[in-house]
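Q: Positions annotated as Mg(2+) binding site by TrEMBL: B:D461, B:D467, B:E470, B:E471. The annotation domain 'TRNA-binding' is assigned in TrEMBL to B:42-157. Among the features that TrEMBL reports, domain 'B5' is placed at B:408-483. According to TrEMBL, the domain 'FDX-ACB' annotation covers B:736-829.
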Amino acid sequence: MSAPNNSYDPVEVTSLHPDEVARMREEALAAIAGASSLEELKEVRLAHAGDRAPLALANREIGALPPAAKADAGKRVGGARRDVSEALKRRQAELEEERDARVLVEEAVDVTLPWDRVSRGARHPLTTIAERMTDIFVGMGFEVAEGPEVEAEWYNFDALNFQPDHPARTMQDTFFVEGAGGRPSGLVLRTHTSPVQVRALLTRELPVYVVAPGTTFRTDELDATHTPVFHQLEGLVVDEGVTLAHLRGAIDAFVSRMFGEGLTTRFRPSYFPFTEPSGEVDMQCFVCRGASVGNPDAPCRTCSSEGWIEIGGCGVVNPRVLTAAGVDTERYSGWAFGLGVERTLMFAHGVRDMHDMVEGDVRFTSAFGMEI
Amino acid sequence: MRVPVSWLREYVDLPTEVTARELAAKLIAAGLEVETVEEVGADISGPIVVGRVLEIEELTGFKKPIRHCRVDVGAANGSGEPQNIICGARNFSEGDLVVVSLPGAELPGGFKIGARKTYGRMSEGMICSASELNLWEDHAGIIVLPEGTAEPGTDAFELLGLREDVLDIAVTPDRGYALSLRGVAREAAALYEVDFRDPAEAEPIEENGEGYPAEIADIDACDRFVLREVSGFDSDAPTPMWMKRRLALAGMRPVSLAVDVTNYVMWELGQPLHAFDRTKLSGGIVVRRAEAGERLETLDHVVRDLDPDDIVISDASGPISLAGTMGGLDSEIDDASTELVIEAAHFSAPNVARMARRHNLHSEASRRFERGVDRELPLRASARAVELLTRLGGGRPGGLTSVDPKVPGPAPIVIAERHAARIAGVDYPEGTAARRLRQIGCEVVEEGDTLRVSPPSWRPDLTDPNDLAEEVIRYEGYENIPSIPPRAPVGRGLSPGQRLRRAVGRALAGAGFTEVLSYPFVGERDLDGLQVEADDARRDALRLANPLNDDEPFLRTTLLPGLLKTLVRNVGRGFPDVALFEMGLVYLPKEGMPAAPLPGVDRAPTAEELAELEAAIPHQPRRVAAVLAGDREPAGWWGQGRAATWADAIEAAREVGRAAGVEITVRPGRYAPWHPGRCAELYVTVDGGEVLVGHAGELHPRVTKAYGLPARTAAMEVDLDPVERAREAVRAPEVSTYPVATQDVALVVETSVPAGEVEAALREGAGELLEDVRLFDVYTGEQVGEGRKSLAYSLRFRAGDRTLTAEEATAARDAAVAVAAERVGAVLRG
Ligand SMILES: [Zn+2]
């Protein structure tokens, strides 16, 4: 398509003749307009805008012109090349648009198709809620203490001021571990996380601010509200000048972080051998906030229309426990609490039956995902 | 402890407007946990009145004798005419006063009374029995009211106490005094600051003659013993209705007047009593320990071998009663007893607790003795019983025997006046502590900043300063304790091990495994199912003395049984593609199982005692295990699924390693319950040495059969502690931006050579320039010959400071191949 450049004349170059430049330009523009696909346009670009294109070749000749003619020829060829380049750009955009409209539609897929090629896993909600409970206290500066599940009776009972024949000791429905030859081993499956209190006091520097989440055991048959294997979160503070007011502050902080701001708590006197004074902690029902009490038209399943939910036991560490753990009771005092992890999960997430937490049905656990 | 409110009000002047619910709330706030407020009789309504039987006509011709009665119900039926009522009972006569439900009444269980035709006659109501009105249990017939009780037509609700509010209190072990109306009433009186009338302070009763001879042989067993006699008692005298009603409301069954009175006084005062038939006693009574070989047949017709620790009441014939627990059959009063000896005593609380446990005899009496009974009560309670017996059953009081060894009482407790305030964190006004302690019955002497406190005899639980603080704080109101956030020192957050556990859980869940928390109880069958040998260490498991299920007496030594059973359960529920994991402890006994000592608690254990305690505690390493079956990747519109295999189980173990930042080395192994050809040993490096941390692979077909698992179920189990110990601080790698040089090699080795060893050899031989090795093909077949396989590796080389030349990369590759050739006999495939 390009004119051969075989008649080189330093004065008059054919290819730079205005008519010739105009013809090359027209030819190129026609070719561009005629390109019907991006592939064709690519060829047209090579032919009319590439290094060997007529206008490109013509451009090289400009140097041979006398200085007076250079500017004029340069302007002409440059203008033509610019027009071609712009036409190419426009056509490229047009063709891409055409392609997008056609090809990308043809390539469309059904994005609602499932792609569950790797099955979903989940952590057990008792694990994740215990972590959440723990983290609330870690956020207050507590550390996490631990102890064995098969525990010495001394830690589980004696050091916690359970007298050998006191009803409190037998009320705990303890699993006893058989010793060698069927003799007593002095070991039990810990009935609560409280032995960790004694371990923490014996091994840590004072002051002690710890929580101890863990598995605990009592000889209850599994039913909707009982399980022989369950979980507690123990809390222990031993420091100078601590009071029940601080205990209440810690519990209130837990309740507001776990169940929502503005919920009130209630302390009731109770009895545990290892705390004196002792108390039970109730929190205001986070569902009805007490509105269901005496209101049969709006009963509350969460709190059985009592307005309060029992969440755990607590109290001032019995100085006898501190003594058994070698703490100077003249200088230090402490408080402790125990919260039920199962109960917390039941309340916070509406679990109705203990079986669901125990059986390991993947449908139950999957619903809770990785974090709670 | 069931407390009928009207009974309680007899001893405490509660304001009349106080409802049972308000009273319950008040008691709860003070530490008496009222579990329920039962509105007994709330399901009874309508006209129920006193009637007089005017005429009885016996109807015949029916299967049982039937009576047609004309009953005067006064004006209660509106007409004043006698009411016609059909009745099947026969324990009444013309002229008797009875209780009549008129049409419109509703009895317990939604039983509506109407006029209806029956046995050919109209019956316009019902003559009621005590059971039908839920008054007390009585199958002897209808109620016949004593003559003069009331006029016909009188409303029976008030008369019989048909409606009553009953508090059910769960009494904590320290508050034994609350196991009596007397104790609850005293508490209520103090809480409302109103008057309390002590039912124990009755009129003195007459004494006639010498008391029955008795002595205490062991004052550690019993430090107070009282006998009172009643002679000429009318054994046919009925228990009055008010007493039957109260006993029934309290949850006891009326038996006979003598028995009912002892129960009534126990409920009223908290003092367990025992009644002997004097004619069945021989010789003086001695309270002593049982002797070895002695036996006693108790009231429940069980012959019991006595323990030298048991406290017995004995006479010349031997033991006649288990103290505070249960009486003996031979000396017990019966339907014809007229000569009674009432025993009231104070027995050692821990001793009664041991007896009750040893003989599995948990009675209302033992429940009270275990929690502590008022030592000053036996004299008064026995007087109260004799007063009731003689008033209701005739006869006259006999002699009194009072054995009082005069044991010294506890020393007063000295506390700081501010003690309760300091514990509560509340600035109680001065004088509060003394006032509150006096309110609960303590004697308080104020000495400057301290109080010298002597608790009352009914509060044996008050022994320590903090016990007194609790009394002050609960009366000042637990609800008035302010809320002040604790100020903990700066914490260190979670320990590395605690963080690792969370990371492992998240990693496995992220890899598609669902967490399980199974019970740690296993049985012989579970271990048999795993095909572990008889001498396998996993058979050496801790055994529970009192398992829930006799088939599962052991504590797990591996996490797999629980996981496998859970897997089967999920498959059974229609989920064939399951991947589960569990993290938890296993329990491994120590050699010889030394028994754990019980050091004293009046001081910290010594280092030796602590070491002894720790030596007795079994090893309890934390493990993580996973099981999977069915498809690891399900089939779908994209095509075929991919079945879970041994490799997924090993990968799960590697996932654990990755979460810890620890390389898990895999070697072929053989270990139950795995398939011997598809079992991997898993190692980590701790302090330069390799440690076996677990196994992974496909389960043995016999295991899948024993557990009922899907074929080719795979599993892994890893010890987390060494994985944690294997962690090392990561040093940041230097990331080179020079180009990579890739070299592929195919190596032929014997089939038995593990790929892991080939790779290890290549890595070692390739030297520092090696960036990565990747096995991209495994080929077996004719081209490499029988018993051999070809492993194709892609080696990536890169230097940190220059672009590698082809020669350098080739030299490194050749060096790698050379080591593989030397180590595992690898031959470069042509
Ligand atoms: Zn509610």
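Even glycines carry a Cβ here, placed using N, Cα and C.
Curation does not apply to TrEMBL; its annotations are automatic.
Values in this document were obtained by computation on a predicted structure and should not be read as measured data.
Quick one: how deep are these features, and who are their neighbours?
A: In the three-state DSSP scheme, B:D467 (Mg(2+) binding site) falls into the helix class. For B:D467 (Mg(2+) binding site), the same-chain residues 6+ apart in sequence whose C-beta sits under 8 angstroms from its C-beta are B:I413, B:D461.
DSSP states for the domain 'B5' (B:408-483), grouped as helix (H, G, I), strand (E, B) and coil, give 29 helix, 14 strand, 33 coil.
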Q: Among the binding-site residues listed here (B:D461, B:E470, B:E471), identify the one with the smallest other-Cβ count within 10 Å.
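A: Minimum Cβ neighbour count within 10 Å, taken over the binding-site residues B:D461, B:E470, B:E471, occurs at B:D461.
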Q: Mind pulling out which binding-site residues among B:D461, B:D467, B:E470 sit under 8 Å from chain A, Cβ to Cβ?
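A: Cβ contacts with chain A under 8 Å: B:D467, B:E470.
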Q: Within the domain 'TRNA-binding' (B:42-157), how many residues are helix, strand or coil going by DSSP?
A: 2 helix, 49 strand, 65 coil
